[in-house]
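According to TrEMBL, the features are:
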type	residues	note
TRANSMEM	36-58	transmembrane segment
TRANSMEM	237-257	transmembrane segment
TRANSMEM	264-285	transmembrane segment
TRANSMEM	323-344	transmembrane segment
TRANSMEM	351-370	transmembrane segment
TRANSMEM	376-396	transmembrane segment
TRANSMEM	456-485	transmembrane segment
TRANSMEM	505-527	transmembrane segment
TRANSMEM	606-629	transmembrane segment
TRANSMEM	641-663	transmembrane segment
Amino acid sequence: MREAKVADETTPMFGEAIKYDPEFAGPLKNRSCTDIICLLLFLAFLVGWGVVTGFAVYGGDPERLLYPTDSEGRVCGRGEFVNKTYLLFFDLTRCASPKVIATGCPTPQVCVSKCPSENWFYTGGETEADRTKLICRDNVNPMDTSKNVKDLVINGHCAFYYVESRSFGRRCIPRDITSNVGTIIDALEATYSSSSTSPVYRLEILKKMVDAMNYVIRFARLQKVAEGVFQDVQRGWWVLLVGFGVAMVISFLWILLLRFISAFMIWFSIVAFLLLSGFGAYYTLNKYLTLRGTSNATFSDMSEMEQEFSLEFSRYAELETTWLVLFIITLVILVVCLFVLIFLRKRIAIAVALIGQASKAVGSIMSTLFFPLVPYILQLIFLVLFCGVAVLLASAGKANYRIMCKSEAGCDCPAYKENDTCSMETFDAALCPNASCQFFDYVEDPKVPWFHAYNLFALFWSMFFVSAFGEMVLAGAFASWYWVFDKSKVPTFALSMSLGRTLRYHTGTLAFGSLIIAIVRMIRVILEYIDHKVKQKTDSKIIRALLCCCRCCLWCLEKFLKFINRNAYVYCAIYGKNFCVSAKNAFSLIMRNIVRVVVLDKVTDFLLFIGKMVVVGGIGVASFFIFSGEVPGVGPHLPEMNYYLTPVIIITIGTFFIASAFFDVYAMAVDTLFLCFLEDCERNDGSAEKPYFMSKDLMHILNKKNKDVDKED
């Protein structure tokens, strides 16, 4: 047959074929430790990560990221301000400056128990009613009649106006800008004797208010979204657990069915994937046409203020542009997959049969289905550690105080200059009545950026190390299944034996291979950072194009190295050689049989990927319809959410990782069996002296057979 001829093609230029060894019978038991230096380096690096963690724990304060800080550097909602969780700006018009995004407003800010629910401005009165309306600094008593109200507001001890506000990122922001302009102007005139009430002056104040709200909102936006998502997770944690449980059950049943009806499940995956893509294209097109007929709103039509206030994820679901983009994406996926399946239709049958053999290997060693939980938990631990250290490092630093002038004209005194560093203990307001010492920002230790980089690289190395560990253990187990004539006599503890060999001899090899991938990934992150900075400082298309080419090349390099590493781990699991030797031998074996790799192995990976996407897509679509309220009768039983897409996104992402854990077992089984098959074809020729180790079904698929040797399937 044509497929059989194609499968027999080899490329001899990459070394000689493996010689027959009558004593070879699967993974070698007599082996020694490999790449010990890399193991010691990895252990030393973990110790360094512990040092960084200790520094983060000692100097970090995560509550600084969750709660705002007043002018004296005290965190609202904590300690003495446990009941004052909101931040009020004395004069929001002073916030109309880009620097507030990073440093805050140059106006006094105090912690309050609630945002103002009414409009008030100072009119020059000194009555007790005026004093009861004042909002002042924590150490100022507005009812103290020894100080008049005007002095309190002019010296910045109390706010000279405030308007009805709402909480935005725990910061009090005016509800209605236009109606409050008159209040602010009146307060400015009463306090600073300003007499300009012309329309131009009113427009200037309005513009300042809009700009100030823009900058403050941008400062608080990320925090607001994070708080909303965090609240959703708190309220609906049991829903997320149910979703993850359903994903795990469906993934396990899918893999279990592959064991018994592999051909049906693969073809069902293909059909289901096409149907899901088609339904997605239809649904998104229908939503686009519906919104197009009822609303002309697009994201580009939204004003900047509307975009800043639009924190609801669901807001984007109301834009026709969103659904048009989703329609194009789903349509492209559908068309590409159709063409791929059409051109590969003749090879799908062979790939399905190869998956069937992997199913038998998995069925013989059922513990391999549950083993992915081990690396999954380890990776989760490393991820939690990374996030914790990153948050602690981000909140590490000492409060920095600067001189703030009470008017835009400047401080007007020689003793202090605006933005000079000051101390709350030594600052003397009598030397400069027009200046104040206020909290500016948190000054981080110069070592913190390097610690962030160390923490990120530690995440990459540890995650890739755990992934490599799982691959090598599974490879050793499946190789034990392949290299026996009677497949029913596979070693009882094949997985445990492979686990023991990996931990005892080859953790250094895992550290070596994962280090290479981690370095490439870190370089990719650095290039992404450079590209982000270049976008902000220049519009040069040449520089952007060069950076894009570099990023693309590094992405390809990382994929290639992962492919090399994966096969090197298989070879190391069988022969116990170090990383370099295993990578060289595995690569040479693959290149001598490159046509077989393309025809069988990669097609099989594609089919398994489709199966995984069916599980992920099915659960993602189901969760979308459930949480968006389109499934009647379910809504009343679900917790109230700030963003209904929060559980949808979390469940879909979690399902992807859960499904990957199960499907990766099959992918590793296919890759291991395929590499063993290539070596089997080079070692043996099917004669009585050198029989094939492959099963009868696999020999039948590839048009091979053993002469005078009856093998059990």
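Positions of Cβ are set from backbone N, Cα and C atoms, glycine also.
Remember, TrEMBL labels are computer predictions, not curated facts.
Counting Cβ pairs under 8 Å to the transmembrane segment (641-663), the top-ranked stretch among 237-257, 264-285, 351-370 is 237-257. Outside the transmembrane segment (505-527) by six or more residues, the chain places 31-39, 41-42, 456-457, 460-461, 464-465, 467-469, 472, 547, 550-551, 554-555, 557-558, 561-562, 565, 568-569, 572-573, 576, 578-579, 582-583 with a CB less than 8 A from a CB of the stretch. Contact check: the transmembrane segment (36-58) against the transmembrane segment (376-396) gives at least three Cβ pairs closer than 8 Å, residues 6 or more apart, which meets the contact criterion. Highlighted: of the candidate stretches 237-257, 323-344, 376-396, 606-629, 376-396 has the greatest count of Cβ pairs under 8 Å to the transmembrane segment (456-485). Residues 243, 246-247, 250-251, 254, 258, 265-266, 269-270, 272-273, 276, 279-280, 317, 337, 340, 344, 348, 351-352, 355, 635, 638, 641, 644-645, 647-648, 651-652, 655-656, 659-660, 663, 666-667, 670 of the same chain sit 6 or more residues outside the transmembrane segment (606-629) yet have a Cβ under 8 Å from a Cβ within it. Below 8 angstroms of C-beta separation, residues 270, 273-274, 277-278, 280-281, 284-285, 287-288, 291, 317, 603, 606, 610 of the same chain, each at least six residues beyond the ends of the transmembrane segment (323-344), sit close to that stretch.
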